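**Student:** This is the structure I have questions about; it appears just below.
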């Protein structure tokens, strides 16, 4: 068994949709990035890639490549799952933490868990998504951006 950790940060932008965990969350601002800027799925992708010693999301999906402009991070996560499978690994458990002040995402967490589990052919009960504020501290507290952390456990098939 191997453990991976991932973190991702994106700043808010008024001309973007807020996509988190593959769910479009109603919000006056979205996250800025080369792809759809799904901060949660990016952190998970990094955790999985790291656990398998396959590098990071930037290595596999560089933001300098037009191929990934506005890319759907659900598709990127599916690709990460295939890379793990090619190396003989499967995800066992994923635990995540999303930090943002607004909007509240509690109504969307179950769909996010379903999306993540579906992308990686996992049981939804093995995927955890949690959210908290930053108590108005730092860039998250000032609502300048959002951050996500992910920890995963993978094992050889």
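Backbone N, Cα and C atoms are what each Cβ position is placed from, and that goes for glycine too.
Model, not experiment: these values are computed from the prediction.
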**Student:** The 4-CDP-2-C-methyl-D-erythritol 2-phosphate site in Swiss-Prot includes 8, 9, 10, 34, 35, 56, 57, 58, 132, 133, 134, 135. Which of 114, 142 is also listed there?
**Tutor:** 142
**Student:** Residue 57 (4-CDP-2-C-methyl-D-erythritol 2-phosphate binding site): which of the recorded positions 34, 42, 133 have a C-alpha within 10 angstroms of it?
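**Tutor:** So far as Cα distances go, the recorded positions lying within 10 Å of residue 57 (4-CDP-2-C-methyl-D-erythritol 2-phosphate binding site) are 42.
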**Student:** Suppose the divalent metal cation site is 8, 10, 42. Which further residues of the same chain have a Cβ inside 8 angstroms of that site's Cβ centroid?
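**Tutor:** The surrounding set, listed in chain order, is 9, 31, 33, 37, 38, 39, 40, 41, 43, 147, 148.
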**Student:** Can you count the other CB atoms that lie within 10 A of the CB of residue 10 (4-CDP-2-C-methyl-D-erythritol 2-phosphate binding site)?
**Tutor:** 21
